[in-house]
Every structure is written in structure tokens, then in C-alpha cells.
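> Structure below; questions to follow.
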Amino acid sequence: MTGPGERQYPRPVRSGPGSEPGRGDRRRDPRDGRDGARPGGDRRGGGRTGRTDVVDRPRRAAYDALAAVHRDDAYANLVLPAILRDAGLYGRDAAFATELTYGTLRAVGTLDAILTDAAGRDVERIDPPVRDALRLGAYQLLHTRVPAHAAVSATVDLVKTVGYGASGFANAVLREVAGRDADAWIDRIAPSMADDPVGHLALAHSHPQWIVRAFREALGGDLGETTRLLIEDNQPPPVHLCARPGLADPAELADEVGGAPGAFSPYAVYLSGGAPGDLPALAQGRAHVQDEGSQLVAAALAAGPLDGPDGRWLDLCAGPGGKTGLLGALAVQRDARVTAVEVAEHRARLVERATRGLPVNVLHTDGRTVGADPKLPEEHFDRVLVDAPCTGLGSLRRRPESRWRRQPSDLPPLTRLQRELLTAGLRATRPGGLVAYVTCSPHVVETHVTVTEAARRCGAPVDFVDARPLLPAGMPGLGAGPTVQLWPHRHGTDAMFLAVLRRG
Ligand SMILES: C[S@@+](CC[C@H](N)C(=O)[O-])C[C@H]1O[C@@H](n2cnc3c(N)ncnc32)[C@H](O)[C@@H]1O
């Protein structure tokens, strides 16, 4: 188990549909425990031979995705679709593999603490392939309706193919895990809420402590709300479409795609059942996939009251072009043009693709070159969006592994860049013009601190505009202003922050 030569992942071997003769007859719904995962599978030849045909394909796919994330630093949302395609998994099997992958990745902090206790050794000392298999098994035991015997035997079968000689160990650890339900495990291993609320919430809801602390601070110290946010972060994210104004009617689009009009954004359509697939409305540029919160903050910039000219709009951090797409569609109706700036070339190309047919000029350059680049003059633009790069702590639902990758040390370089970009945005704005500063993070260092610092340093007078009236009337939970923080648990959106500033 612990020899240095063994502490690595074997080459992924995918069991595609054609590689399992007769398997289709044997394998039934993997959730009902009759999925072909056999206790005592050693006798059937899995064992040290590395055979993968003893492992059902959804679990194998989930394992491969997990291994790619942990071994190669891959992103689950990028690798999993290819793995599912290669394995020929569709429908319920694909949904099960997706739930296992995303659920396990989100829960990994708590699962590791439980596995450490159950194994009697730090989970870091377990071979990585066996560790990932155990995580998958523990997730099934504690967070799905897979019967315990099926979760254990399927995981032991998996371990036989990835962690040579470790099946007995895996069996023993998982039987220990199965001895308690999730709540009982939290009672056993988490500090009490009274003694250590952050430690408790971090373990109970599988978030790093520094993120729990940041959420708690942004929520004014309210532990009840912090808990609701953490619970929401562990749910599969909704998929929203933006019906582009002038190009699609949201009610008609909702009928067309079998969705429902959004609760807040006048352009939002909620898709039921996950992935948007190849909807004609997307291919035809009538709509794009975009979280409702992103729609609201982009539309708020367009809604801000402005005296004087209003034809020059700037999006200083545009890639991949979601908000530029909405601003571009609004610009058509308002006889305006959008200049979209993006520093990463491939993302600049994505902005071009996302805004085809709209009055948008894409500039592949650094947004901080305002004043130095003749295409980005100072005091030139009427409305400016600075949707700055950030930690993304507001969209943890969408990237299940990101909470474990992000570190507090990411904050200083990011906040410096945010400050420089917002300062550049303010310099690019004409006197009287508006700037919307947006982050998909509620961390106060990326929100209030950045805005206050940039406004202080930009060398021009700057006033806060109350952003709340720029959002749809009657929207609840917008706080005391002038900035707005949206929340998954309050609004069903990503945790987008919005500050609207007027250049004096
Ligand atoms: C939060 S994302 C923007 C999302 C985008 N507004 C949307 O709605 O699709 C931030 C973007 O800023 C870009 N970026 C980072 N540094 C930049 C810089 N110095 N100048 C311009 N763009 C930059 C990143 O490459 C990234 O595409």
C-alpha cells in the first residue's frame, strides 16, 4: 500500500461499450444494488489482473474523472464529458456517473476526514488510486441511495483494478464507513458548533475553513445564513439561459426549450434537467447560457441613469463573452457600440464568437493599457463594465473541485489586478459616466476593499450609485446598498457582487 513505487495512478483503462461482452445483460440500474458488482469478485478474475470489466461503467467513468482531477489537475466539467462519451454512457448512466463525480469532488473534505478516522491512518498516506476509489465508495454510502452492500462491493471491485493488493483494506475501511450515516459521522468527527462554528460548518458541509470564514464575514457574521449558503453550494447548479433582448422572447424561449421564465432577470429562462445540449436558440445566437445573476449585473450597468452621450460602452474583462453578449444585444436597441477587451487570445476569440452579429469590437489586449492604447483612450466611454478576474468563490456549485484548489494566497495577486483593472476602467470613463465593478466572489477583500481602494487611487472623483434600484423591482435580499451582493441561497444565482460608480 505504501511503497513509493506504488503511489501512483495506473494508466486509465476505459471499459467502452464494446469491451464488455455479455455485460449489458448483467448490468442493470447501478443504483438498485443489482449492478453486477459482485462481492468476492476476486474469484471472478478481477484481482491483480487489472481487469476493468468487473467495474460497472458509470462508476469507472466517475473514478477516471476523479483521478484526472487529482492526478492531472484537470477540471471535472471539461474531462467528464469526454470520459462519458468514450465510455458510451448516456441518459441515466451518464447522470449517475456525473452525480458520483461532482458529488464526490464537492464532498471530498468531509469524506477524507471520515476515511482517515475509518482507516486509522491519514488519508494522505493511502495510495492515490485507492484513495479516490474509497472516496467514491464513501460518497455512495453516505450521500446516495445506493444500498451499502452494492457501494462496498462495487468499490472493492474497482480497487482490484486500480490498487493492487488493496481490496481487503478497502473492504474493511468501507465497512467501517457504512457503520454510521453522514450525520453520525459529523457528530463523531466535527468540533461542536458551540465551540468552533467555523470548524464545524467546514467539516459538516465540506468547505475549507478559510472559505467558510470569508462567507461568514460577507454575510455579516450570520451563521444560519452561512449554513444555508454552504448547503446550497453542495447542490447541482441550475442552468439558466439568457434570451437576448430583441432576438428572443423569454416566455416563448421557455416554451421552446421546455423551461420556465426566470424569477428576476427579464431575460432569464430556467432550463429543467441540466445540460442545454444543442438547442437551436443557442446555435442561432438568440440566447446564450448565462447565470441569472450575471444577467442582472450586466443589465444593471445598462439601466444606470446617465446624462449626456450614451453610445460608447466598454467591457474591460470580456472573455468568454457572456456579459458582452447581453450588453451587445442591449446596445443594438440603444444605438450604442461595445468595445470588448480580453487579454487571453483564445478567450478573445470566444468573445468574437459569442457576439457575432452584434455591435461589438473585440480588442485582444490588456485592459490596464487604458490611456496608452489609442483604442482605449481616457475619459472616452459612457458605460464601463469591469467584470474582474476573481477567486470564483461565488460559483463553487459549478466547479466542484475549485474550493479545494483555491488558496488564501491567491488573494493578493488577484486583488492587485482587480484594483488595477478597476482603476483603468475609471480612467476610461468620461466625467459623469458609469462603471459597474463585478466579481463572482463575495470575499470582502475582492469586493468592498477593492472598490474602496480603486476609487481612492484612481485620481478622479468617484461616487457610489445605489445599485439596488438598477435591479428588478421587488427583488428581495439586496441589503442596505449602495452595493449589491447576490447569493445562491437567497436568489438562486451565483454570488455576484455589483458596485456601480459614477465618475465625477
Ligand atoms: C471573470 S472573467 C470575465 C467573464 C465575462 N465578463 C463573461 O461574462 O463571460 C475575467 C476575464 O478577464 C480576463 N482578464 C484577466 N486579466 C485581464 C487584463 N489585464 N485585461 C483584460 N482582461 C483580463 C480573463 O482572461 C477573463 O477572461
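Quick reminder: no glycine exception, Cβ is built from N, Cα and C everywhere.
Keep in mind that TrEMBL annotations are predicted by a computer and have not been checked by a curator.
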> Which candidate from Glu342, Glu345, Glu352, Glu401 does TrEMBL annotate alongside Cys317, Ala318, Gly319, Pro320, Gly321, Gly322, Lys323, Asp366, Asp387 at the S-adenosyl-L-methionine binding site?
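Looking through Glu342, Glu345, Glu352, Glu401, the residue TrEMBL assigns to the S-adenosyl-L-methionine site is Glu342.
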> Compute the C-alpha separation of Asp366 (S-adenosyl-L-methionine binding site) from Cys440 (active site, nucleophile), stating it in Å without decimals.
20
> By a simple count, how many Cβ atoms lie within 10 Å of the Cβ of Asp366 (S-adenosyl-L-methionine binding site), its own Cβ left out?
17
> DSSP secondary structure for Gly319 (S-adenosyl-L-methionine binding site), reduced to helix/strand/coil, please.
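DSSP assigns Gly319 (S-adenosyl-L-methionine binding site) to coil.
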> At a 10 Å cut-off from the C-beta of Cys317 (S-adenosyl-L-methionine binding site), count the other C-beta atoms across all protein chains.
24
> Judged by the number of other CB atoms within 10 angstroms, which among Gly319, Gly321 is the least packed of the binding-site residues?
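Per-residue Cβ counts within 10 Å for the binding-site residues Gly319, Gly321 bottom out at Gly319.
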> Measure between the Cα atoms of every pair in Cys317, Ala318, Gly319, Pro320, Gly321, Gly322, Lys323, Glu342, Asp366, Asp387, the residues the record assigns to S-adenosyl-L-methionine, and report the largest value in Å, rounded to a whole number.
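The two farthest binding residues have Cα atoms 19 Å apart.
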> Can you grab the distance from Cys440 (active site, nucleophile) over to Lys323 (S-adenosyl-L-methionine binding site)? Cα atoms, rounded to a whole Å.
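Cα to Cα, Cys440 (active site, nucleophile) and Lys323 (S-adenosyl-L-methionine binding site) are separated by 13 Å.
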